[in-house]
There are 2 protein chains.
Amino acid sequence: MQRLDARDPGFAAAFAALVADKRDDDADVAGDVAAILRDVRARGDAAVHELTLRFDRVDLSATGSLIDADEIAAARVQVPAETLAALEFAAARIRAFHAGQRPTDRDATDDTGVRAGWRWSAVAAAGLYVPGGRASYPSSVLMNAIPAAVAGVERVVMVTPGPTPLVLAAAALAGVTEVHRIGGAQAVAALAYGTASIAPVDVVVGPGNAWVAEAKRQLYGTVGIDMVAGPSEIVVVSDHASNPDWVAIDLLSQAEHDPAAQSILITDDAGFGDAVAAAVEARLKTLATEAAARASWDAHGAIIVVETLADAVPLLDALAAEHVELMVDDPHVLFSRMRHAGSVFLGRHTPEAAGDYVGGPNHVLPTGRRARFASGLSVADFMKRTTFLECGPVGLRAIGPAAATLADAEGLPAHAASVRARL
Amino acid sequence: MQRLDARDPGFAAAFAALVADKRDDDADVAGDVAAILRDVRARGDAAVHELTLRFDRVDLSATGSLIDADEIAAARVQVPAETLAALEFAAARIRAFHAGQRPTDRDATDDTGVRAGWRWSAVAAAGLYVPGGRASYPSSVLMNAIPAAVAGVERVVMVTPGPTPLVLAAAALAGVTEVHRIGGAQAVAALAYGTASIAPVDVVVGPGNAWVAEAKRQLYGTVGIDMVAGPSEIVVVSDHASNPDWVAIDLLSQAEHDPAAQSILITDDAGFGDAVAAAVEARLKTLATEAAARASWDAHGAIIVVETLADAVPLLDALAAEHVELMVDDPHVLFSRMRHAGSVFLGRHTPEAAGDYVGGPNHVLPTGRRARFASGLSVADFMKRTTFLECGPVGLRAIGPAAATLADAEGLPAHAASVRARL
């Protein structure tokens, strides 16, 4: 963890280095992934099954990849009742929040008589990647699948190399219609290109390792994808009146995800910063996830002391963090002045972890300063907008001559003629 | 041009081949582009100037790339008054349409006392690529820059290797704040990474050749980008009552863009199809753009005869075309039944070319079947959504326990502790 003080002469350079801190996995897997995509495109299921045997040591040759409805139903029975109730509670809250995101259509006629607008419609099929192992989170299943269901997507296909009962139960709750026991770049390729046993989808979302992320990047354009996600991050802004232990555990709730995660405190009280640093040490020792959390905090953590909390605003905008907590009495003042962040948690009683599960807003958010231009996952990511125009003879007489003039200027005679033929 | 009849036994296979018709430029420039991006990232302006000298044969070493305000003002004077008036007319209509696209914020408190919602804000800076040569269209400057201006983007940077007076005049009209005389992958890299003379932007949009498209794809994640665009396409649906010449010239208005463009007629009257084919031949001979238009029509054009126009609907959805014209008496019936298209032109008096310039909807649209999942350019492409959550002590008591239960289930103890510490 490093300490920065905005009043120090070297602060600008040190803060710039913090902003530039590169935590993304930049393993060069582009060539390997391209080969896998070509193979799956050419040979379909046969390639997927061979790659699954090689990388995941699972033999699908007899069973195929589809997990049947009985197994999914059985998974639900294995989940403890309290956990299932919490999943259902979370799903209902996420569904309610996202229902408010359904975009609106427009159909308007202007004073020339020209009618124009747009109509939203859902994609026909969406694919959801769920990692295996430690990062196989049922909450991510809800956060990725529910917006698709709210959008009205008929077919939501989940792929995962290691389906846990909890993940399968979450999939059933969230409206997933089809689950395949595959992972890696080969699973993303199967979703995008389709195989004999998996019909192609239109959009692929969900987190994954470097191979999965690179496969999505290479397939962007063949299908739609969500933003490429990097390690998680949080910035907590707090005055001296917060409980240092609450701040410490919030910082660690990001750090425990991944040694590459980043947790930053910005405060106007150096003594409070020291108290938080001490609380972090105390809390670290209690965590089963201590190794990852300590690695993250040591390598990427920071405590920044500013003269006044208003000075935090430009720092927040430069960091454009995935998560920002504003632990002050009136968080709305700071919130109204900052601009770039994935999601903001207001007040001392809104730990980011509540938002990870049951707040309602999506926890799939832009990382690595991408909140400058990107948004969290939403219902619109599973929809598209078709615009329309209707001139009629009267409207075309009003607007057509200018179109023909511009077509002439651009050297496109058929464009001009298609308008003039009707005038 | 090929003729297909939906009543023929081989139709399904022939139509599938038409849908799979690959017209994208798939020149493999990934390695060349990656080298250019690395070079610009490492050496900034020096690399951009060297590459500009090599590829565009323009020496920027003395002048730099920035086009000054005097040259832009002078450009306006060189544009004929009628063209300038048409540009201004188009800009006003595009601005009015896009003003209706400003997304709305949400701020709601639910029955647990939890407050949540989202807030939209503009990106700080957007870059707009404008090709040189034949594809240097002032209308595209308007269509790309006006949504950014409507979104509230403070800095809109245009790059173009060959600025014409018309393009510079359009830039001034559309709210472009900065123009640089550079092109190719090096210009996209300069926008994304920034150089000493070009501050970095957050989003890069606009059409370009294979190098430009690949540079955008590789920089996706460093900046936001618009959809990778392929060759243009149109599907005209018409009954026998349309003027065959109008249909023919509309088909050619796409074909004249590019030998890789595609124009398709779907009709329920074989004789009408023949009349359109004859009209295409007659019109072709009159066009200055005959070479491109004829190459496109010969290689990719099609006339499809269906039993009834209702049978056109599944074909339209499979093609998911950039542009669809519905040249029938009541186009709304067909429009309500189809789902996938970039933009739809309703009725016999709405040539697609009117929409290219002055209709109001954006002419930057998904091509190559991407309308299955992608939308035309819009104001939202220059904005991002920040979600927020405010629990307060009462709300956290209502929703926190379920969050802690799920954190336990996911093996994330700091997540659970950050909630429980506050309960």
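Backbone N, Cα and C define each Cβ position, glycine as well.
The secondary structure of A:Gln186 (NAD(+) binding site), as reduced to three states from DSSP, is helical. Cβ-based neighbour count (10 Å, all protein chains) for A:Gln186 (NAD(+) binding site) stands at 29. The NAD(+) binding site feature in TrEMBL is assigned to A:Tyr129, A:Gln186, A:Asn209.
Here TrEMBL flags A:Ser232, A:Gln254, A:His257, A:His323, A:Asp356, A:Glu410, A:His415 as substrate binding site. Applying an 8 A CB threshold to same-chain residues 6 or more apart, the list for A:Glu410 (substrate binding site) is empty.
A:His415 (substrate binding site) falls within a helical segment according to DSSP. The Cβ of A:His415 (substrate binding site) lies under 8 Å from the Cβ of A:Ala403, A:Ala404, A:Ala407, each of these being in the same chain and 6 or more residues away along the sequence. According to TrEMBL, the Zn(2+) binding site annotation covers A:Gln254, A:His257, A:Asp356, A:His415.
In the three-state DSSP classification, A:Glu322 (active site, proton acceptor) falls within coil. Annotation comment: TrEMBL describes A:Glu322 (among others) as active site, proton acceptor.
Among the features that TrEMBL reports, active site, proton acceptor is placed at A:His323 (among others).
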(message) Are there any residues at least 6 positions away along the chain from A:Ser232 (substrate binding site) with a Cβ closer than 8 Å to its Cβ? List them or say none.
(response) A:Gln254, A:His257, A:Asp258, A:Ala261, A:Gln262, A:Glu322, A:His323, A:Thr367
(request) Could you tell me which of the recorded positions A:Tyr129, A:Gln186, A:Asn209, A:Ser232, A:Glu322, A:His323 sit with their CB under 8 A from some CB of chain B, listed in sequence order (or 'none')? (result) none
(request) Taking only the Cα atoms, work out how far A:Asn209 (NAD(+) binding site) lies from A:Asp356 (substrate binding site), in Å, as a whole number. (result) 20
(request) Around the Cβ of A:Gln254 (substrate binding site), how many other Cβ atoms lie within 10 Å? Please give the count over every shown protein chain. (result) 31
(message) Assuming the binding residues for substrate are exactly those in the record, A:Ser232, A:Gln254, A:His257, A:His323, A:Asp356, A:Glu410, A:His415, what is the maximum CA-CA distance in angstrom, rounded?
(response) 56
